[in-house]
């Protein structure tokens, strides 16, 4: 007998479904407006267009799979996948909402092209809010650990991996000093392990590990926190000691990128600290 796909209208009429519909419409409107200007060249413009198109396609696919109730046949944890994607979409669309106007909108904004870019920036920010609402609606309540990536530690894992990707995107020129090489090792090691945790969770592989993964994650978060503490100290020390900001520092200035890496390192340090606190509470303080 041939399987018949059922239609689940709650996929569109629930609050989560409505947030996803807004995200689909706003992301489509954003990349259409930007495409109509013809001005989205370079690495920044390509990244922004990729973000809006990627989020549009994946969210539309999620809606269709839930509408037709086809997602149970997929070999993955659906709740973990949708939670991880919505958190990733929040971060990507927010970054694009900041990068696009900073790169392409000039002052004064009087031309028709500039007006469309301004509207695209507004719709991009509204799209970010739609994804943020979805994250808020799907976040696991205290005591509910059925979907790890919908808990605060799970969402923080996505944040940590994304921030590490931003750090890598800013790494272009650096001297081969031992302190800087150690920092790059910290960023790489923590990124790889965090990404593996996300992939194994979505792929339902965690049940096959012959040890208590919860406690291992607490230990990993503690080690990652210690490593990021050293990177937070060493990166600015080796990057800026005896190196004032050059007067001819333009848009792609290496000094500014190193400053950006410094702030991103601090962001991830805070994320790993909060992650450690929450994961420790989940393991050692059970909610009745």
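Each Cβ is built from the backbone N, Cα and C atoms, and glycine gets one as well.
Per TrEMBL, the feature domain 'MARVEL' maps to 11-143, 148-284. Among the features that TrEMBL reports, transmembrane segment is placed at 12-35, 47-65, 85-105, 117-133, 145-168, 180-211, 217-238, 259-278.
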Segment proximity, the transmembrane segment (145-168) to the transmembrane segment (85-105), 3 or more C-beta pairs under 8 Å: yes
Counts of helix, strand and coil residues, the domain 'MARVEL' (148-284), according to DSSP: 109 helix, 0 strand, 28 coil
Long-range Cβ neighbours of the transmembrane segment (217-238) (under 8 Å; 6 or more residues past either end): 153, 160, 175, 177, 179-180, 182-183, 186-187, 189-190, 193-194, 197, 258, 261-262, 265-266, 268-269, 272-273, 275-276, 279-280, 283
For the transmembrane segment (47-65), distant same-chain residues with Cβ under 8 A (at least six beyond the ends): 11-12, 17, 20-21, 23-24, 27-28, 30-31, 34-35, 40, 71, 74, 82, 85, 89, 92-93, 95-96, 99-100, 124, 127, 131
Three-state composition of the domain 'MARVEL' (11-143), taking helix and strand from DSSP: 109 helix, 0 strand, 24 coil
